[in-house]
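Working notes, structure below.
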């Protein structure tokens, strides 16, 4: 019948009494070293928070690339396109910088396209076609833009 006389404590005091003293968290290396010198029990755990962490999509993409067995080089611009761009640009007496400002791109983009180092971008090719007036995509590269005249 001694169970009737025992006191039950609800709250934070009850937890401390049951599990012993609350563990202190040290954040500096000096505090950890001092605890080790005193012979206290030290547990060094690295905590990783998962809240408010932006997902690293680049890492996921690289993982997918690593899993593939084939190494695929990105497509480069055909040399004929670069030659056509430089030929028509010099015929119109435009510098690379002037052509770049005309199509709202950087001069390095024009340089890469003319040298054949650029990865083809359809929007940039379309701008170049309109600015120079020649075809740069599909068949008949370097021919004047526009089909037969309508009657």
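Residue 1 is the first one shown; counting continues down the chain.
Each Cβ is built from the backbone N, Cα and C atoms, and glycine gets one as well.
Curation does not apply to TrEMBL; its annotations are automatic.
According to TrEMBL, the feature domain 'HTH cro/C1-type' maps to 85-139. Secondary structure counts, DSSP: the domain 'HTH cro/C1-type' (85-139) has 34 helix, 1 strand, 20 coil.
According to TrEMBL, the feature region 'Disordered' maps to 1-32.
The average pLDDT the prediction assigns to the domain 'HTH cro/C1-type' (85-139) is 90.
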